[in-house]
Amino acid sequence: MFKSGFVSIVGRPNVGKSTLLNLMMGQKLAIVSSKPQTTRKNMQTILTTNDYQMIFVDTPGIHKPKHKLGEYMVSSAKDSFKDVDLILFLTTTEDGLERGDAQIIESLKSAKAPVFLVLNKTDESTPEKVAETLQKYAEEMDFTEIIPISALKSRNTDTLIDLMVKYMPEGPKYYPEEMITDVQERFIVSEIVREKALRNLNQEVPHGIAVEVIQMKQNDKGMYNIEVDLICEKSSHKGIIIGKNGQTLKRIGERARIDIEKMLDAKVNLKIWVKVRKEWRDNTLFLNELGYKKQK
Ligand SMILES: Nc1nc2c(ncn2[C@@H]2O[C@H](COP(=O)(O)OP(=O)(O)OP(=O)(O)O)[C@@H](O)[C@H]2O)c(=O)[nH]1
Ligand SMILES: [Mg+2]
């Protein structure tokens, strides 16, 4: 009997949703950073074996939105509660209930799919704190399964996958075997650049960044010429992104190029243009242009 289904991965920002997705896929597809609100839109990845096909939906962290981009992110995440066969609710031992998990649990209660409580980052915690947290959460909701893991150290993640498969219904191969994601290469390219910007910039600068691929062409030697706009919110931010003698931008560009070359398995010539667009995170038209718009 072949099993298949959709699995949504939800939780507060920064709890390790994208890290877990990459681990289960056995390759890096979603970007990861130590800053909250890294993921901005839902992304599907597809894991096919001889026995099952699971489609994972990585979602933005659920938080209190402060602009239209944030509203889009939170509604995308919550949309994923519907029409899935299983929900993984990720959290950590860090006072999650006080920091927004209580509200997430309230919305999860009306979901039709079974909900697993997945306590991540156990490598950063103690067994006592893990046990205490699990007990506290179990009082809030009747979770189908409760699994402590470390996505970073692959701790207990095989058990998690086994349990997920157990709850998958009998079903068809929704996607061809060789397909691993529903997003295009262009999107992953823009995300890689954004990841390097997130990792190399501080305070409010990285959160106001968007990346748009304006050209991506392969020449007859197989090399890609890629040009992207790196959009920020203020001219002072533009200066910070470029850095002294252009050092910061150079570092972002080099790190991004290395990862893009790995992903495309080809040489890449990457050009980044830094642009300013005031308050774009509240500009609906521009958000739509960047692909931050509802599908329906
Ligand atoms: N120590 C530890 N760190 C982890 C673990 N899983 C993820 N992290 C780290 O937590 C940070 C956030 O990881 P992400 O995977 O980007 O988290 P996310 O939930 O997708 O975050 P958003 O996209 O912002 O909602 C990164 O620095 C990860 O390396 C873990 O099991 N243990
Ligand atoms: Mg993420």
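Cβ coordinates are placed from backbone N, Cα and C, and glycine is handled just like the others.
Bear in mind that TrEMBL entries carry predicted annotations, made automatically and left uncurated.
Look at TrEMBL and you will find 3-170 tagged as domain 'Era-type G'. The feature region 'G1' is assigned by TrEMBL to 11-18. Among the features that TrEMBL reports, GTP binding site is placed at 11-18, 58-62, 120-123. The region 'G2' annotation in TrEMBL covers 37-41. The region 'G3' annotation in TrEMBL covers 58-61. Residues or ranges marked as region 'G4' in TrEMBL: 120-123. Residues or ranges marked as domain 'KH type-2' by TrEMBL: 201-278.
Scored on C-beta pairs under 8 angstroms, the neighbour of the region 'G1' (11-18) with the top count among 37-41, 58-61, 120-123 is 58-61. Within the set of binding-site residues LYS17, THR59, ILE62, THR122, LYS17 have a CB atom less than 6 Å from some atom of ligand 1. Through the fold, the region 'G4' (120-123) approaches residues 15-16, 19-20, 90-93, 130, 148-153, 155-156 of its own chain, all at least 6 residues removed from its boundaries and within a Cβ separation under 8 Å. Cβ contacts within 10 Å of THR59 (GTP binding site), excluding its own Cβ and spanning all protein chains shown: 27. Sequence-distant neighbours of the region 'G3' (58-61) (same chain, 6+ residues past either end, Cβ-Cβ under 8 Å): 8-15, 17-18, 21, 30, 36-45, 73-74, 76-77, 80.
A sphere of 10 angstroms centred on the C-beta of LYS17 (GTP binding site) encloses 31 other C-beta atoms. Residues LYS17, taken from the binding-site residues GLY11, ASN14, LYS17, THR59, ILE62, THR122, are distinguished by a CB atom under 6 angstroms from ligand 2. For ASN14 (GTP binding site), the same-chain residues 6+ apart in sequence whose C-beta sits under 8 angstroms from its C-beta are SER34, LYS35, PRO36, GLN37, THR38, GLY61.
Residues within less than 8 Å, Cβ to Cβ, of ILE62 (GTP binding site) and separated from it by at least 6 positions along the same chain comprise VAL10, GLY11, ARG12, PRO13, VAL74, ALA77, LYS78, GLY100, GLN103, ILE104. Annotation for THR122 (GTP binding site): same-chain Cβ neighbours under 8 Å, separated by at least 6 residues, are THR93, VAL130, PRO148, ILE149, SER150, ARG155, ASN156.
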